[in-house]
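K.L.:
Below is one structure. I have some questions about it.
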Amino acid sequence: MIRRLLIPNAAAKSHQYIKVSLFSTSAPEITPPFIHKCKTISQVKLIHQKLLSFGILTLNLTSHLISTYISVGCLSHAVSLLRRFPPSDAGVYHWNSLIRSYGDNGCANKCLYLFGLMHSLSWTPDNYTFPFVFKACGEISSVRCGESAHALSLVTGFISNVFVGNALVAMYSRCRSLSDARKVFDEMSVWDVVSWNSIIESYAKLGKPKVALEMFSRMTNEFGCRPDNITLVNVLPPCASLGTHSLGKQLHCFAVTSEMIQNMFVGNCLVDMYAKCGMMDEANTVFSNMSVKDVVSWNAMVAGYSQIGRFEDAVRLFEKMQEEKIKMDVVTWSAAISGYAQRGLGYEALGVCRQMLSSGIKPNEVTLISVLSGCASVGALMHGKEIHCYAIKYPIDLRKNGHGDENMVINQLIDMYAKCKKVDTARAMFDSLSPKERDVVTWTVMIGGYSQHGDANKALELLSEMFEEDCQTRPNAFTISCALVACASLAALRIGKQIHAYALRNQQNAVPLFVSNCLIDMYAKCGSISDARLVFDNMMAKNEVTWTSLMTGYGMHGYGEEALGIFDEMRRIGFKLDGVTLLVVLYACSHSGMIDQGMEYFNRMKTVFGVSPGPEHYACLVDLLGRAGRLNAALRLIEEMPMEPPPVVWVAFLSCCRIHGKVELGEYAAEKITELASNHDGSYTLLSNLYANAGRWKDVTRIRSLMRHKGVKKRPGCSWVEGIKGTTTFFVGDKTHPHAKEIYQVLLDHMQRIKDIGYVPETGFALHDVDDEEKDDLLFEHSEKLALAYGILTTPQGAAIRITKNLRVCGDCHTAFTYMSRIIDHDIILRDSSRFHHFKNGSCSCKGYW
């Protein structure tokens, strides 16, 4: 069979072809233009065969064959021909074309192989060869190969060429060798705009934004080089990371005047810069005026709204992308998931993640971090475990977050398990990391997990481990804030002061605002409201949390007037008053017996402050009225609530019924609580105590039997006291302490002394059906009394004894402490589950409102 090749005839119309027979006996007239008409590999090969069979393959035709093989993508045949081609300028052009073609196809290693082959065959590269080779070295981050090519460029003299120098700077940058990139740049004899772009990009991408802007300043001010659109794309990200929006605005103006603003990449960088500077209105203006947008444009807007807390706008934009069927990438989905998660909408974040998976987009490390944050926010443990399993099943590095930061995914897993109250699982993951693998975030999330959801003592133990010599990580501001939460929980004033001192020593500037807020909260909850006020007064900047924290502290300590003074000052300065602030005001009034003021603030909430009262506000007002004995008014308030009263309101009412011994009203409140939350342990305990105080022991037995039947467990009461050597905890009748004998003897002696001056045991608080003598013995062994005796034994003369109880202080113990403060040389500061009691010289700061 005769095989013919059809090649388009340039001289004829486009549909006419020249026929070339494979077995023709006469030599065809094959010219360079004829060869270049070949469009397929088979056509070029057939021409090649004809030239070989007739022996007419000249160097000129070989050169054109090589060029055509490259153009049709048959690079291997081009290399074969070039190996036998004698060195020449035309041949160097072909080597360059081959190296570039392999580079364009992502075959960097093949580029370097060809470069080595070229050199071994005694070919001399030119100023076009080196940029292609340097680009290949950069793509595979091979500094060694790059240095070899660099040396050859020095030998051949091409290093002085500006294009070669620019490519060399870019290569060292891609290999993360900034010092070499800067050295090459400084040694260049001439710089063009590409040179400046290369060095600015190097600093910008390798985490040196400040130096990048300094180089840009030199480029424009010192050397007068006019920026192009690539310059803007390289300079705007450093502006974003440093928050230098003033320079960003200048670049924006330059982009407008130089007509670069229509460049999509410049527009994207401007949107990103404004978004990261929190200037979303400006970002939206640029975004809206962009004639061409891609997914990067939308991503910058969605991420920007999420970062500044405008989650509704972020979600709205994400939904608009879905409506307009814009193809979203993993960055878009991750930003949307983050927006939902940071709003506390964890289940919505999980829903978006499912949509992402169903659309065929695989999550990356950033996505997992956002989803796990959403799970943590709503306590979705099972979903969190599913994400954990996904991360293990698919090739996702738990120790990377996609931006080079170590441990971000595993840190988020630890945080998720801790916030879902699986602190042991979180600790197991923490322990699975070697000491060298743990970064400061790892320590912080574990300490935070113990502080808020586990064991505050273990949180402080972990903090202590961070200060050991072999630990390479030191606490940062976030670690300190988590540790202060633990101190506040334990009322560990001594340790809190040590942490405060560490923060002052190790902060380069002022203590961060959020740490100062935690210090105010810690000192207030540790019973030192004067130290809390001192921190407040020394703060350079304050926010709503600062003022509210101090106001809460005053309320806890019964200083209602001072709390309202803080509130009035907040109003004068112009802070926005929200529901939380007004709740603290009502709380302070309740714990100070300020009934009229509390009622006035409650009645003015909506009309003056624009805040609708919620269930918590009603509960606080019920507590205010109930503590004052106005139980009928409190009940009317509950019945007139515009919403269904939740358990918290009825519990407040029941607590007041117990204080005033109103059994029937207490039973009514308990019934309401049972209807709404049948396993609420506090309501059963309050009702049982109410019956006990009324001497209705059969009802006490019935309630306790009901609690056992429903599996409701009463928390055991315990008290702890802070001493020189640490914190010591006592339970009722506790005799496990090594110095129990001395503790009981001190207590016995002091109880006898206060009886001599008028103290009479209030046996109604002994919640057991026994005779009065046994009740006296039961009251004697209460945990807060044992803690006080230990404090008397161990506290230096004149220093305050600080006691914390996990439940409400017993009425008899409160009376006993009042008498004790008359006969001992110590102030007694007692914190119970409700408030602080400062006992001094026979009186208590609560004034009976507890």
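Here the Cβ of each residue, glycine as well, is placed from N, Cα and C on the backbone.
Copied straight from Swiss-Prot:
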type   : residues : note
REPEAT : 58-88    : repeat 'PPR 1'
REPEAT : 91-125   : repeat 'PPR 2'
REPEAT : 161-191  : repeat 'PPR 4'
REPEAT : 192-227  : repeat 'PPR 5'
REPEAT : 228-262  : repeat 'PPR 6'
REPEAT : 263-293  : repeat 'PPR 7'
REPEAT : 294-328  : repeat 'PPR 8'
REPEAT : 329-363  : repeat 'PPR 9'
REPEAT : 406-436  : repeat 'PPR 11'
REPEAT : 439-473  : repeat 'PPR 12'
REPEAT : 512-542  : repeat 'PPR 14'
REPEAT : 614-644  : repeat 'PPR 17'
REGION : 649-724  : region 'Type E motif'
REGION : 725-755  : region 'Type E(+) motif'
REGION : 756-850  : region 'Type DYW motif'
K.L.:
Counting only residues 6 or more past its boundaries, what in the same chain has a CB within less than 8 Å of a CB in the repeat 'PPR 11' (406-436)?
P.N.:
365, 368-369, 372-373, 375-377, 379-381, 384, 388, 391, 396-400, 442, 445-446, 448-450, 452-455, 470-472
K.L.:
So what's the average pLDDT for the repeat 'PPR 14' (512-542)?
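P.N.:
Computed over the repeat 'PPR 14' (512-542), the mean pLDDT is 95 on the 0 to 100 scale.
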K.L.:
Excluding the flanking five residues on each side, which residues at least 6 beyond the ends of the repeat 'PPR 14' (512-542) place their CB within less than 8 Å of a CB in that stretch?
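P.N.:
Sequence-remote neighbours of the repeat 'PPR 14' (512-542) are 477, 480-481, 484-485, 487-489, 491-493, 496-497, 500, 503, 549-550, 552-554, 556-557, 559, 800, 802, 829, 831, 836, 838.
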K.L.:
Are there residues at least six beyond either end of the region 'Type E(+) motif' (725-755) with Cβ under 8 Å to its Cβ atoms? List them, or say none.
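P.N.:
For the region 'Type E(+) motif' (725-755), the nonlocal Cβ contacts are 457, 490, 492, 716-719, 780-783, 785-790, 792-794, 816, 819-820, 822-824.
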K.L.:
At a C-beta cut-off of under 8 Å, are there same-chain residues at least 6 beyond the repeat 'PPR 8' (294-328) that contact it? List them, or none.
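P.N.:
That would be 264, 267-268, 271-272, 274-276, 278, 280, 283-284, 287, 335-336, 338-340, 342-343, 352, 359, 361.
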